[in-house]
Amino acid sequence: MDQNSVPEKAQNEADTNNADRFFRSHSSPPHHRPGHSRALHHYELHHHGVPHQRGESHHPPEFQDFHDQALSSHVHQSHHHSEARNHGRAHGPTGFGLAPSQGAVPSHRSYGEDYHDELQRDGRRHHDGSQYGGFHQQSDSHYHRGSHHGRPQYLGENLSHYSSGVPHHGEASHHGGSYLPHGPNPYSESFHHSEASHLSGLQHDESQHHQVPHRGWPHHHQVHHHGRSRHHEAHQHGKSPHHGETISPHSSVGSYQRGISDYHSEYHQGDHHPSEYHHGDHPHHTQHHYHQTHRHRDYHQHQDHHGAYHSSYLHGDYVQSTSQLSIPHTSRSLIHDAPGPAASRTGVFPYHVAHPRGSAHSMTRSSSTIRSRVTQMSKKVHTQDISTKHSEDWGKEEGQFQKRKTGRLQRTRKKGHSTNLFQWLWEKLTFLIQGFREMIRNLTQSLAFETFIFFVVCLNTVMLVAQTFAEVEIRGEWYFMALDSIFFCIYVVEALLKIIALGLSYFFDFWNNLDFFIMAMAVLDFLLMQTHSFAIYHQSLFRILKVFKSLRALRAIRVLRRLSFLTSVQEVTGTLGQSLPSIAAILILMFTCLFLFSAVLRALFRKSDPKRFQNIFTTIFTLFTLLTLDDWSLIYMDSRAQGAWYIIPILVIYIIIQYFIFLNLVITVLVDSFQTALFKGLEKAKQERAARIQEKLLEDSLTELRAAEPKEVASEGTMLKRLIEKKFGTMTEKQQELLFHYLQLVASVEQEQQKFRSQAAVIDEIVDTTFEAGEEDFRN
């Protein structure tokens, strides 16, 4: 073991120098403390046999031979061990879309307890060994659990592994040892909680670099990966992916089982300088924060790394699925052109002593990290562009909507303004019309207008009477025609004024209907005279004109209408109106009796007196004339001459029923109605007279009080006292009180007397009714 270790150390140093020269231009000067050679890798991606894209090695021949010899003895066991014990779960294949020979990147979960114990024993055995030849099949499983516990790795080591086409499911874990040279190692790599996210892009936002000094443990950088998304896309910082990495717009970023946002890894490589790179947005479970996983401070002191590493996996299962990414360049171009894979990996923890095998895997991870970062960045750039377009379109639509809304509001305001203007005009016009109608109503109801119309009606009546004389009509024909036209115009104006003032209620009055009919007849007469002035000698037209002229006699009735303001006339007309139902009933009885007697007389005396009893109508007319008691003796004598002497008892019965009963009933109803109306009128007049007298007395007393002391406002009692003093002179207070009490008693006595009188009147009526009923009973 010791003999083999010497050449192996030399070989490793040579490989380290080669790798240093190979990546010198892409890394920033590290800040490293010797002796702190353990890096914590909480959820590291395990490259299960990912071959190189072109199937060739990038290592020197010596390193390639050495790696092939070391791998040949354990490749089968390593493959088998990683297949059987890779976290106790199947690794989900993940394609990066590079080449068909690309392997699968598994998703990691927490270890089982039994597997943890076995790996802990294996880790102790490998941790104590310092030879490179200590590589055996259990070391592969260390790589699955956390492939670089306490060691840096040489970049470019495992390229020969990928070129050989052997599916390497893990590499040996080298914990300390003679192959870890002391000093700054710019190509050591440390992995975060989830190496599966693989540094989705390079961000150049230098403001996000937090300068965290190395305090004893170079890899304890207090890197807090917060659960919220702090994704800073590359285009937001004004920079793009390096060295021709093509971003596929159709690539998709890996999604989490719990949908947690990407966290932003903040780090610092010693001093703050522009060449530092962020590790992008690492998709990570929010419970796997470095705040919660700082337990690695306690078990990175050259102790059992595997047992302590198991505790960091207890935070929860991490299931990851990666997305397809198409990048046209080979892994060689990604390694040589991308300036940040090694430097970006070294930015998480301090640089440690180099290890030749870890660098190759780290380079492959760096390339996959760049691809994943480019995929995520391209998708987010594309998503942001789409969202920007959508926001612009939405802004345009919003602007158009606001314009349409503004136009609608303006139109609505215009309509509302026009509506308000129309409403205001309508209200104004209605107010003017109402005022005009009120003025016309006051005019038509005024005494002057009534007097003028009454004078016109009287003059028209006198003119109609004068036209009955032939000599006056012939001499004053022209004057009569002129006056008739003037009267006609006055009647038309009166009707129009009343229709305007009263509206349709004008036709609800009988007198108004009579006036309107007379006015209509006058209009027809005037029109016929004007249109047929040359056909005046036509017989039919002449008769029509005579009819209209005779109807002008109805204007005399207007005199009675103008006399309606007289109280007596109003009482008579009111009484007739109230007695009409009773009169109508009596008239129906009279007509029934007349019809019965007509039928009997026609059947009996049709042959004896055919002139009077020929048919039912002539018989009714004959009986109606008998109501006047005219010529009833002639009817009897003619019938007796023809042998119908028995007509006399029938005529007597008819005259008694019709004349003495029914006609007297009509007169009785009218008289009773008139008496009732007169009594009510008298009572009403008496009450009105008493009310007027009382109001007059009260007004006189108030006038005297106001005239005496106009400025003094006295109460009701004071006013009464003053009134008493004026009537009875000066009195003492005791006398005033006694007088006031006396007046109250007198008033109460008068009230009681009034009640007594009313009760006595009721008793008198009852007694009278009783005596009348007794007399009727006695007579019966």
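Using N, Cα and C of the backbone, Cβ positions are placed for all residues, glycine too.
Swiss-Prot assigns Val569 and Arg640 to opposite sides of the membrane. Intramembrane segment is the annotation Swiss-Prot gives to one range among 421-433, 616-628, and that range is 616-628. Shown for the topological domain 'Extracellular' (605-615): DSSP residue counts in helix, strand and coil, namely 5 helix, 0 strand, 6 coil. Tertiary neighbourhood of the topological domain 'Extracellular' (629-645): same-chain residues 604-605, 607-609, 612, 622, 651, 655, 659, selected by CB-CB distance under 8 Å and a gap of 6+ residues from either end.
Break the topological domain 'Cytoplasmic' (501-508) down by DSSP state and the numbers are 8 helix, 0 strand, 0 coil. Look at the topological domain 'Extracellular' (629-645): DSSP puts its residues at 10 helix, 0 strand, 7 coil.
Helix, strand and coil counts from DSSP across the topological domain 'Cytoplasmic' (672-780) read 97 helix, 0 strand, 12 coil. Counting only same-chain residues 6+ beyond the ends of the topological domain 'Cytoplasmic' (501-508), those with a CB under 8 A from a CB of the stretch are 437, 440-441, 443-444, 516.
Listed by sequence, the residues of this chain that lie at least six past the ends of the topological domain 'Extracellular' (605-615) yet keep a Cβ under 8 A from its Cβ atoms are 622, 635, 638-639, 642-644, 647.
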